[in-house]
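These features come from Swiss-Prot:
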BINDING   78-91, 285-297  NAD(+) binding site
BINDING   99, 109, 138, 227  substrate binding site
BINDING   227, 251, 255  Mg(2+) binding site
SITE      145  site 'Important for catalysis'
SITE      195  site 'Important for catalysis'
């Protein structure tokens, strides 16, 4: 008997509902041509949830996510809700509590530049002519974003603010094991990012990563300081495979890697907990300026679905087929507006149709 999977679908705001429709096309192909038993159920989140329920993360949505095997998210936010108090705005009032509720300790941000699209990168052609494939593994629950004490003080004419960078050994061990396992499934290379020449937390980070590495003798481990890796990624991104980062450094590096691909509309992301339950979403925003114009790139949403199938369902072969369908579509010259050199481009729904068609052929 085949396992039945349940996905909580959160289309959200902006272009989210549009690109989610294209992910549905891929799901339908998986049902009809690959005999996968996948059920989906939609729930409101973000701005649309505020409009419909008066709250960005309704209890019904949270319960729906709890009863699923994974969460597939579109996008959240828009100008319509920017006048709300900051803690009530869609992004902060929905994503942060959702991540906290499920204890997502790891963020995966792949940055792939396909050689067919190397003209999009701001880097020189001789650097990116073969494309690149980097996976940033970012620790999500520790570090300076959550460390205490933190605050701001004014004493007479003196004003200052302070934050605390703190990492517990178990947090580093947990994220390091995951990064090594991912490196083992790729090119067996892992680069750990720190600032161990200055920060005590980074000294511990490096010591613990070295300790964990003894369990993965087949993975080549290297260490770089955050300032150096920022330069090295620009100089030669192909030298890297998996990057292991703390919360702050991963925030910086993942955005740099995204920028040098030339189109964030191509990039998926995943947030995972210890049970491999995950939240999968495009790395870009809700893009309200192009909402409803049928020109958004659905590839990031489709690749987010691929990551869901890979990490939460453990169906690597199926995920590879989705990835290959995207690659083959690009090789054939099909492009959406954001990645096209000219006016000859596909609409959002057309790109979804083409990718679904290529996937059918790879049965």
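Quick reminder: no glycine exception, Cβ is built from N, Cα and C everywhere.
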Of the residues named as substrate binders, 99, 109, 138, 227, how far apart in Å are the Cα atoms of the most distant pair? 28
Write down the Cα-Cα distance for residue 195 (site 'Important for catalysis') and residue 287 (NAD(+) binding site), rounded and given in Å. 35
Out of 99, 138, 195, which of the recorded positions has the smallest number of neighbouring Cβ atoms within 10 Å? 99
What same-chain residues, at least 6 away in sequence, bring their CB to under 8 Å of the CB of residue 251 (Mg(2+) binding site)? 138
Quick one: of 86, 145, 195, 291, which recorded positions lie within 10 angstroms of residue 227 (substrate binding site), measuring between C-alpha atoms? Sequence order, please. 195
Given the recorded positions 86, 145, 195, 291, which lie within 10 A of residue 109 (substrate binding site) by CA-CA distance? none
For residue 99 (substrate binding site), name the DSSP secondary structure in the helix/strand/coil scheme. helix
Pick from 78, 90: which of these binding-site residues has the biggest number of other Cβ atoms within 10 Å of its Cβ? 90
